[in-house]
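Enquirer: Mind looking over this structure? Questions follow.
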Amino acid sequence: MQWSRIAVFASGQGSNFAALAEAERAGRLGGGRIELLVSDRPEAPVAKRAEEAGIPALLLRPKDFASRELYEAEIVAELQRRNIGLIVLAGYMRLITPVLLAPYAGRIVNIHPSLLPAFAGKDAIGQALDYGVKLTGVTVHFVDGGMDTGPVIAQRSVAVEPGDSAESLAERIHQVEYELYPEIVRALAEGRVMLDERKTVIRE
Ligand code: GRF
């Protein structure tokens with residue numbers, strides 16, 4: 001498995017997918033190559049973005065499968081056919097089962113719009129606003145069997161401004177995501193992210 005051969009998983013808008021594809025085009029993913037988009041919502045805007053970027057897509061409906069495990073087994077077969085070595089979740093709205101986790105242990109990452117472990121799970125931006133924090137942000141982390149619980153690779157903070165709405169805060173968080181994710185995906189694709197228990201180090 002080669003770290004540089006990347007599959008991005010996404011369920012929705014795909015603005016992070018687009019930022020990653022643009023980073024690759026501009027030479028900012030180093031040797032990293034996005035070989036495949038995987039989506040569980042064939043009608044999602046991200047599918048169209050893949051088509052426009054000329055990136056192959058595996059579009060499956062989980063409900064067409066008898067179980068989550070059979071759905072993921074189909075994905076794993078395609079990933080292995082393409083010799084994918086790094087899975088980048090970008091707004092993929094499903095928990096991953098051991099069928100995918102086991103063959104890709106330590107090779108799946110996610111981006112989450114809060115400073116984990118604060119505000120894990122759905123609607124992290126709304127949770128942060130409701131709580132009244134002054135500082136939130138973005139986390140890139142390895143994926144384990146839990147909900148946003150894997151080892152942290154990188155974090156950036158974003159200040160909550162007086163009068164922020166979910167939309168205005170999300171907009172600033174997204175801008176940070178579009179910078180941070182390509183940078184970290186590049187480091188992963190180049191094999192520069194070291195993991196020791198829960199501690200990660202990015203080599204220069
Ligand atoms: C991002 O905010 C990401 O942090 C979260 O889901 C959102 C996906 O947005 N995991 P998009 O589909 O990339 O536009």
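In case you wondered, yes, glycine gets a Cβ from its N, Cα and C as well.
What TrEMBL shows for this protein is this:
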ACT_SITE  His112  active site, proton donor
BINDING   Gly14, Ser15, Asn16  N(1)-(5-phospho-beta-D-ribosyl)glycinamide binding site
BINDING   Arg68, Met93, Arg94, Leu95, Ile96, Asn110  (6R)-10-formyltetrahydrofolate binding site
DOMAIN    5-184  domain 'Formyl transferase N-terminal'
Enquirer: Per the record, (6R)-10-formyltetrahydrofolate is bound by Arg68, Met93, Arg94, Leu95, Ile96, Asn110: how many Å separate the farthest pair of Cα atoms?
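Expert: This binding site's residues have a maximal Cα-Cα distance of 19 Å.
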Enquirer: Would you mind sorting out which binding-site residues among Gly14, Ser15, Met93, Ile96 put a C-beta under 6 angstroms from ligand 1?
Expert: Gly14, Ser15
Enquirer: Tell me the Cα distance separating His112 (active site, proton donor) from Ser15 (N(1)-(5-phospho-beta-D-ribosyl)glycinamide binding site), rounded to the nearest angstrom.
Expert: 14
Enquirer: Looking only at DSSP and grouping its letters into three states, which state does Ser15 (N(1)-(5-phospho-beta-D-ribosyl)glycinamide binding site) belong to?
Expert: helix
Enquirer: May I ask for the distance between Asn16 (N(1)-(5-phospho-beta-D-ribosyl)glycinamide binding site) and Asn110 ((6R)-10-formyltetrahydrofolate binding site), taken between their Cα atoms and rounded to an integer number of Å?
Expert: 11
Enquirer: Give the distance between the Cα atoms of His112 (active site, proton donor) and Arg68 ((6R)-10-formyltetrahydrofolate binding site), rounded to the nearest whole Å.
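Expert: Spelling it out, the Cα of His112 (active site, proton donor) and the Cα of Arg68 ((6R)-10-formyltetrahydrofolate binding site) are 23 Å apart.
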Enquirer: Note down the number of other Cβ atoms within 10 Å of the Cβ of Met93 ((6R)-10-formyltetrahydrofolate binding site), including every protein chain shown.
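Expert: Summing over all protein chains shown, Met93 ((6R)-10-formyltetrahydrofolate binding site) has 13 other Cβ atoms within 10 Å.
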